[in-house]
Amino acid sequence: MGRDIPDNETWWYNPTMEVHPHWKQFNQVPDAVYYSLGIFIGICGIIGCTGNGIVIYLFTKTKSLQTPANMFIINLAFSDFTFSLVNGFPLMTISCFIKKWVFGMAACKVYGFIGGIFGLMSIMTMSMISIDRYNVIGRPMAASKKMSHRRAFLMIIFVWMWSTLWSIGPIFGWGAYVLEGVLCNCSFDYITRDSATRSNIVCMYIFAFCFPILIIFFCYFNIVMAVSNHEKEMAAMAKRLNAKELRKAQAGASAEMKLAKISIVIVTQFLLSWSPYAVVALLAQFGPIEWVTPYAAQLPVMFAKASAIHNPLIYSVSHPKFREAIAENFPWIITCCQFDEKEVEDDKDAETEIPATEQSGGESADAAQMKEMMAMMQKMQQQQAAYPPQGAYPPQGGYPPQGYPPPPAQGGYPPQGYPPPPQGYPPAQGYPPQGYPPPQGAPPQGAPPQAAPPQGVDNQAYQA
């Protein structure tokens, strides 16, 4: 690409506002680029508004979806809906077909501010969703407060305040909102290398990008580790499960795989959507600025605009009750997107067997399945820890020791139809359960019980 200022200035000349000198050094942008970009942004805007609008409609209409955890999904859909409506179609689409921004400087600032606040809100809401899922899946047994509508509302208020804080600075002179790329849209000024702009970009990079991404990485990494460890432990304990528990274990294993896959997709989607913007901004401030061409600056815009499309797909369509609501209200979407009707029915069955209640945080059936399986597994582990291990002997007070749960043996303890042994004596025939030795000094199996020693008399002296 040439570095000399071209004679034909029509591509960057704008009578309504100033254009940064950096963009004037590049040659004419072909018309095909403008038209292709306009079509792409228009499609993203229409699909983003439609998809997120459906999400908002279904989550507000369907009572079973109105849980505290799903308030984050609604907030994400609202921010993406507004992001698509204002920052995509129609303003940028019209500008692309006209081949320049025609709405003036004031509209440029409003456009940049709305894009900033709702773009950052989308990022921060995703981090809140990851925190909620981590609390439900990664720490199901923790003695922490359950998610409530009030707590979710306060977290959403924090997201709005956080996003506004980092978006309003350029309005008051800490940075600026200017034209970027092929000069058909406005965003944060990352080209100017003065102290105000540089500090604004660095702070936004740390607090508005790195901070949320660290939260997302931490939460989903621990979710994947939790489901992986849970799968190994359930495999080791599978032989002790009855038919109903085994069914739940198999359902939980399927839920684990879904959750792990969704976690990987979420992190990948986040990086693909917002990392290009961060890279270009840092490159413009600290690297060879000539590398930031109109095309290099415009690519991050396309990735960011597209995030408003796949966010509802990842966060909403993966929700079993949401798919059920789609099937009831918009059956044509099921046909169009080729959702498996059997999968929708399976989701209904899963929700029936293991319901996700508001008291449990409103998690999906997959999360509820896993939570119940982990609770069952922990209960069995507690029983094992409380009961004397093989080779140890219970006290004289009977078998099992008073207050101890029965061992996790088939049929439980005592075996069905057998009365408990006399206090202080070893079990009769059929006792103890297979694999557990009798107390030390017990008479052989089948021998009649001996008389108990008088109170205060040593047992060995009494027998002698």
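A Cβ is built for glycine as well, from the same backbone N, Cα and C atoms used for every other residue.
Record features, source Swiss-Prot:
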TOPO_DOM  1-33  topological domain 'Extracellular'
CARBOHYD  Asn8  N-linked glycosylation site
TRANSMEM  34-58  transmembrane segment
TOPO_DOM  59-70  topological domain 'Cytoplasmic'
TRANSMEM  71-97  transmembrane segment
TOPO_DOM  98-109  topological domain 'Extracellular'
TRANSMEM  110-131  transmembrane segment
TOPO_DOM  132-151  topological domain 'Cytoplasmic'
TRANSMEM  152-172  transmembrane segment
TOPO_DOM  173-199  topological domain 'Extracellular'
TRANSMEM  200-224  transmembrane segment
TOPO_DOM  225-261  topological domain 'Cytoplasmic'
TRANSMEM  262-283  transmembrane segment
TOPO_DOM  284-293  topological domain 'Extracellular'
TRANSMEM  294-315  transmembrane segment
MOD_RES   Lys305  N6-(retinylidene)lysine
TOPO_DOM  316-464  topological domain 'Cytoplasmic'
LIPID     Cys336  S-palmitoyl cysteine
LIPID     Cys337  S-palmitoyl cysteine
COMPBIAS  367-401  compositional bias 'Low complexity'
COMPBIAS  416-425  compositional bias 'Pro residues'
COMPBIAS  434-452  compositional bias 'Pro residues'
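Beyond the ends of the transmembrane segment (71-97), by six or more residues, the same chain brings 34-35, 37-38, 41-42, 44-49, 52-53, 55-56, 59-60, 103, 107, 111, 114-115, 118-119, 121-122, 125-126, 128-129, 132, 149, 152-153, 155-156, 159, 182, 184-185, 305, 307-308, 311-312, 315-316, 319 to within a C-beta distance below 8 angstroms of the stretch.
At the 8 Å Cβ threshold, with sequence separation of at least 6, the transmembrane segment (110-131) lacks contact with the transmembrane segment (34-58), having fewer than 3 such pairs. In this view, Lys305 (N6-(retinylidene)lysine) is surrounded by 25 other Cβ atoms within 10 Å of its Cβ, with every protein chain counted. The transmembrane segment (200-224) shares more Cβ pairs under 8 Å with 262-283 than with any other stretch in the list 34-58, 152-172, 262-283, 294-315. Sequence-distant neighbours of the transmembrane segment (262-283) (same chain, 6+ residues past either end, Cβ-Cβ under 8 Å): 123, 126, 130, 188, 190, 201, 204-205, 209, 213, 216-217, 220, 223-224, 289, 291-292, 296-297, 299-301, 303-304, 306-307, 310-311, 314-315, 318.
Taking Cβ pairs closer than 8 Å, the topological domain 'Extracellular' (284-293) reaches residues 1, 3, 22, 26, 190-191, 193, 197-198, 201-202 in its own chain, all 6 or more past its ends.
For the topological domain 'Extracellular' (98-109), the list of distant contacts is 11, 13-14, 16-18, 29, 31, 34, 91, 170-171, 177-179, 183-186: same-chain residues at least six beyond its ends, Cβ to Cβ under 8 Å. Outside the topological domain 'Extracellular' (173-199), and at least 6 residues removed from its termini, the chain residues within Cβ reach (under 8 Å) are 11-12, 14, 17-20, 22-23, 29, 33-34, 37-38, 87, 91-92, 95-96, 99-101, 108-109, 111-113, 115-116, 280-281, 284-285, 289, 292, 294-295, 297-298, 301.
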